Amino acid sequence: SHSNPLNWERKEEEEVKAPPEFQAPPTVIMFPRQQEIRSKGLRRQKRDWVIPPVNVPENSRGPFPQMLVSIRSDQDRNISIRYSITGVGADQPPNEVFSIDPVAGKMFVTKPLDRERRSSYHLRAHAVNMNGERVESPIDLYIYVIDMNDNRPEFKNQVYNGSVDEGSKPGTFVMHLAAFDHDDNTTANGMVRYRILSQTPHSPIPNMFTINSETGDIVTVAAGLDREKVSQYSIIVQATDMEGNLNFGLSNTATAIISVTDINDNPPELTSRTVPENRINVAVANLTVIDRDQPRSPNWNAVYRIISGDPIGHFTIITDPHTNDGMVTVVKPVDFEQNRAFMLTVVVNNQAPLASGIQSSLQSTSGVTISVVDINEPPFFPTNPKSIRFEEGVPAGTSLTTFSASDPDRFMQQSIRYSKLADPAEWLSINTTNGQIVTTATLDRESIYVKNNIYEATFLAVDNGSPMASGTGTLQIYLIDVNDNAPSLLPRESQICERINRNAGINITAADSDTDPNVGPFVFELPTFPASIRRNWTVSRLNGDYARLSLRIQYLKPGVYEVPVIVSDSGNPPLSNRSVIKVKVCPCDENGDCTLVGAVAAAGLGTGAIIRREKERQTKQLLIDPEDDVRDNILKYDEEGGGEEDQDYDLSQLQQPDSLEHIISKPLGVRRVDERPIIPESQYPIRPAVPHPGDIGDFINEGLRAADNDPTAPPYDSLLVFDYEGSGSTAGSVSSLNSSSTGDQDYDYLNDWGPRFKKLADMYGGGEDD
């Protein structure tokens, strides 16, 4: 029978005092025993206890089916029992979310649950005998889906519009933004907080506005709003769940466009003009007025009056509704020889009265000398810069917009032609006559030419006046990100202890060229092939952007392992990438740090990386008799120095270094000065099998020349050519041999080399008679 370690069979008089949400789910749920209680002739049954709910986290990765609890009847000791469950999620839609083994009574969940679709399930468990007869009363099972932070906040709109009067005081309400999170708003998963990421432009200060982090209300925080200087602000607002925790929460952004509305805080000011004679019934001059209030509003519209200087009414002044200029029109012929100048006194007012406390400018009334000077003014782009939004990846040949200019010379019939001035990525073309912009290549948000998601191109508009005049306009294309870049694993290299009980694991993350919402949270997985990867390693999730790679087994042999990890982003659809991290597995000390020897071993180097013992050379013919062979007492190493008199090199190079980091991390081909270079060794002369007095000198000289020119030889001397050396030798230094010597050899000096060269001295010394 099944054990019941949590002892869910309670006595009748016991009560379940802990609320269900604080109870662990039972391993085994028993059908409750029932007692018959008689009361005034009636019979009723009383249950032993209340079965606590089963909590199941949403988005489980399985494997499925995943066991939740076991249900059993204590009557299964005597008879065969068949178990079943009913209710929504079992035999009612959505069907087969939960299943039960009819014999063992084990209940399973068959697929991942989504709390945002359904947060709880109510099932009933049944027990019948083999004849289908009920042997237990059904019990109620409540399954609660536990929320995970799998939904980022969403703004209803990507762009919100608001307005505020210029000159508004700090604390003035501007507008409201709101984002909704589908996660449980009673937990941090669904609690959204707001903050302002940026303000454009930064005038007069970068923080003209603030936002209530909980309500999303935007208010002014500083004085100085002036429509004549900045007429519109663009605010980027970020909404983050997890109560605004930027490390664990998910975020989204929206743009708030705040228009600064005009008040009449600038009186109009006149500029003077002149007019030639003999022009009638035409507008011969414009009186230009400067008014920084809102264009084409009563606060800006000018009304001109000539109050003196034109007694017989040669002129009238008509206000142009588009430019606010006063068009001086000659209604009676003017004779220059009779009237060389007309000193007109003109007064200008607005349609609306000035705001309270604003004084009329002295320049509202002026004596004006009228003369017309026709200047060809350059074309201008009414909206400059012009901003448009497109998804990246739109193909070549896509029409984006029409970017056309206007010619301020309204009284001259001129045409405008367009051309490109700056198109860094060569993505665009413009129709020379109508200004239509068409793509010539695919737009890529991740291009180096895109800054802060915006690609800028500049165009030129030229009229055909005399002389020609030109104007420039900037087109800003805001590229909306699509998920077209797979994430890559970081870091690419790390190290870990060989034993799991000393191992804290390696924190891994990912880099993605895309932006929200096409980046994190990331999913890190180990591939199923080869099987050794999941057998030796495991990956656990830390948060949306980080996971931990650690050993699954108790011990892994030191060395460098290439561990593949599959990283997926949160795009729709998501993109995945199989990356490799090189993990150095090494022995560690009690602090969990790689030991010095462990670092060398993990890098694939033996202790010979510090002092390398020479491999045994092949047996060679000796220059002395076998009975005098002393090789058994000689230890041979690659790094050998000269004799006792040859000490002009740095012996510190033979000492064990304080750190092996420079060995492990150095690039290929860079070695210590006391290491043999990895290149083919020079060819030394082969010693004849039987020494002959006539060639021993040539042999020694050839060996010296080869050693002098050998790039693989240690920088100490040519001693490695010879076989017989040892510490504490009484012989002189071999450095006394001159590799460039020529002529006959005198071997008498061999007597001074000690007992080991005595036989050579006897064989080859002795003067001419030998």
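Every residue, even glycine, has its Cβ placed from backbone N, Cα and C.
TrEMBL: automatically predicted annotations, no manual curation.
In TrEMBL, the region 'Disordered' annotation falls on 1-25 of the listed ranges 1-25, 726-750. Across the domain 'Cadherin' (156-270), DSSP assigns 6 helix, 50 strand, 59 coil. Taking DSSP states H, G and I as helix and E and B as strand, the domain 'Cadherin' (488-595) has 9 helix, 52 strand, 47 coil. Residue counts of the domain 'Cadherin' (48-155) by helix, strand and coil are 4 helix, 46 strand, 58 coil (DSSP-based). Within the model, the domain 'Cadherin' (267-381) carries an average pLDDT of 76.
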